[in-house]
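Colleague: First the structure, then my questions, so here it is.
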Amino acid sequence: MNAAAYQYRPPKPNYLPHDIEVDEPIVEEYTLPLGKADDRENAIFFNKMKSAAQEYGIVRPKGYTVSYHATPEMEKHHFGQTHPMKPWRLTLTKSLVTSYGMPFAMDNYITREATYEELNAFHGSDYLDYLITAAPEDQPRDIENPDKEVKYNLGGSDCPLFHGLYNYCSMSAGCSLDAARKICSKQSDIAISWGGGLHHAKKYEASGFCYINDIVLAILQLLRIYPRVLYIDIDVHHGDGVEEAFFSTDRVMTVSFHKYQPDSFFPGTGALEDNGPKNEHNPGAHHAINVPLQDGITDEQYEALFQSIIGAINERYRPSAIALQCGADSLAGDRLGRFNLRVQGHGACVKYCKSLGLPMILFGGGGYTPRNVARAWAYETSIAIGADASIPETIPEHAPWREHFVHDTLFPSLEQSLNEPRHNRNSEKRLREIVTHVHEQLRFVAHAPSVQSQIIPPDLGPIRDEVEARLKEEKEERNDGLRRIREEGIGEALEY
């Protein structure tokens, strides 16, 4: 079924005029492993979604606002039949989020593509120009010749040149930029961008399935308003692109929890001792925290480690906002990751960060078993809106593409996710050593009052709010049904 029309508060487009010819859709037709519903089926589903929201008590949270930023066109893109990145994992995520009625509790936005100028705020012009003009290739260049050179790391098995690549990158960045701007304008307190989180991309290079670093672009927006941003990465891979981008500043502290096996696991960086520039006079010294882990870590170990480290950082660094990358390849049963984390353990990180009460963006990221990615991100959406205790564990019967989840539970056991749990190679002694090292590094971090806003990144979208308001007004004039739905009061907490 097509979940695009299921959102109770219709998405609010944020389009700006585009002058770049390449922004026209050029996506090659690709048949998703999913069906498509007609208008009648969509209407039936909408009513079921509405009933689910009422049954599960899904209402807008009191005291704070959550926004959900997505571009449905991203789901149509295809990296290649054998490539582990599957954009239709976003379709499965939408299936669960809508089935539980969660859109009733959020502001829902269809975001525009990021413009060339917005991408250029971080990425080099030469790189972007090549990304725009590079022709799609049906087969990676290094399949027959592993030593064949690729420009900007584009065209190999890692980062193939697929149809609609630039559009895909622009959509991903657009989601995260819009999320950041809603945080900056105080329209949102928690903004969700599951289509973002591509943390490996460098200024002049694609890397690890990532072409544009939407996280860096979003953090640059946050730095216009917030003096200090804490970036946290729970992807199974080291968040090297974000760490590198903010390597020499004390306005961003990067913290990455990841598998570290430099000789055999990508990207091979992020050792415990890698804490930023070695020169103590460089403002970024001690502002990169790395938590290297081994296969098989459990929910209990991960949660205790996360809370101990993030709690200490929050107390010392006193961030003004949080950017949390929720890469789901750290879940058990992932095609690439080898941890023993369940959906609950992964979500516990989101719950803890939410408890800190800071403005926060939730990004997507890795995750190569789509059904488990969808479970994690749907559960973490429920945490954001405060509905995690009320939604049922059993996936609703009316969920689109329910058969793709194999098991009917939101929280599969390790045995359901794996034939057998991975051997846990993380000793308690080693985990204590990691915590001790991090606490030692924090002794060298200046207390928050000494971290000042000195450089404010440029704002490239001053007319965005005016355009958005005009488009919203036009949309509501065309849709009188919206008024009638709102009058029902669904999704609003009652005041007594």
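Each Cβ is built from the backbone N, Cα and C atoms, and glycine gets one as well.
So TrEMBL lists the following for this protein:
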type	residues	note
DOMAIN	83-382	domain 'Histone deacetylase'
BINDING	ASP158, GLY208, TYR368	substrate binding site
ACT_SITE	HIS200	active site, proton acceptor
BINDING	ASP235, HIS237, ASP329	divalent metal cation binding site
REGION	472-496	region 'Disordered'
COMPBIAS	472-489	compositional bias 'Basic and acidic residues'
Colleague: Sort out the sequence-distant neighbours of ASP158 (substrate binding site) for me: same chain, 6+ apart, CB within less than 8 Å of its CB, listed by position.
Modeller: ALA206, SER207, GLY208, PHE209
Colleague: State the Cα to Cα distance, in Å, between the residue listed as 'active site, proton acceptor' and HIS237 (divalent metal cation binding site), rounded to an integer.
Modeller: 9
Colleague: For substrate, what surrounds ASP158, GLY208, TYR368 with a Cβ no more than 8 Å from their Cβ centroid?
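Modeller: Close Cβ neighbours, site residues excluded: PRO84, MET85, CYS159, HIS200, PHE209, CYS210, HIS237, PHE266, LEU336, GLY366.
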Colleague: Need this for a regression test: binding-site residues ASP235, HIS237, ASP329, filtered to those with Cα within 10 Å of TYR368 (substrate binding site). What's left?
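Modeller: So far as Cα distances go, the binding-site residues lying within 10 Å of TYR368 (substrate binding site) are ASP329.
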Colleague: Tell me the Cβ neighbour count for ASP329 (divalent metal cation binding site), meaning other Cβ atoms within 10 Å of its Cβ, over all protein chains shown.
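Modeller: That number is 24.
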Colleague: Which residues of the same chain, at least 6 positions away in sequence, have a Cβ lying under 8 Å from the Cβ of HIS237 (divalent metal cation binding site)?
Modeller: HIS199, HIS200, GLY208, HIS258, LYS259, PHE265, PHE266, PRO267, GLY327, ASP329, GLY366
Colleague: Just to confirm: which same-chain residues, 6+ apart in sequence, have a Cβ under 8 Å from the Cβ of ASP235 (divalent metal cation binding site)?
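Modeller: The answer is GLY197, HIS199, SER256, HIS258, GLN325, CYS326, GLY327, ASP329, SER330, GLY365, GLY366.
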Colleague: Count the other Cβ atoms sitting within 10 Å of the Cβ of TYR368 (substrate binding site), across every protein chain shown.
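Modeller: Result for TYR368 (substrate binding site): 21 neighbouring Cβ atoms inside 10 Å.
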Colleague: What is the total of other Cβ atoms whose distance to the Cβ of GLY208 (substrate binding site) is within 10 Å?
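Modeller: Other Cβ atoms within 10 Å of GLY208 (substrate binding site): 21.
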Colleague: Greatest CA-CA distance (Å) over the residues ASP158, GLY208, TYR368 that the record ties to substrate?
Modeller: 14
Colleague: Tally every other Cβ atom lying within 10 Å of the Cβ atom of HIS200 (active site, proton acceptor).
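Modeller: Excluding its own Cβ, the number within 10 Å is 27.
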Colleague: When you average the Cβ positions of ASP235, HIS237, ASP329 for the divalent metal cation site, which other residues in that chain have a Cβ within 8 Å of that mean position?
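Modeller: For the divalent metal cation site, the extra neighbours are VAL236, HIS258, LYS259, GLY327, SER330, LEU336, GLY337, GLY365, GLY366, GLY367.
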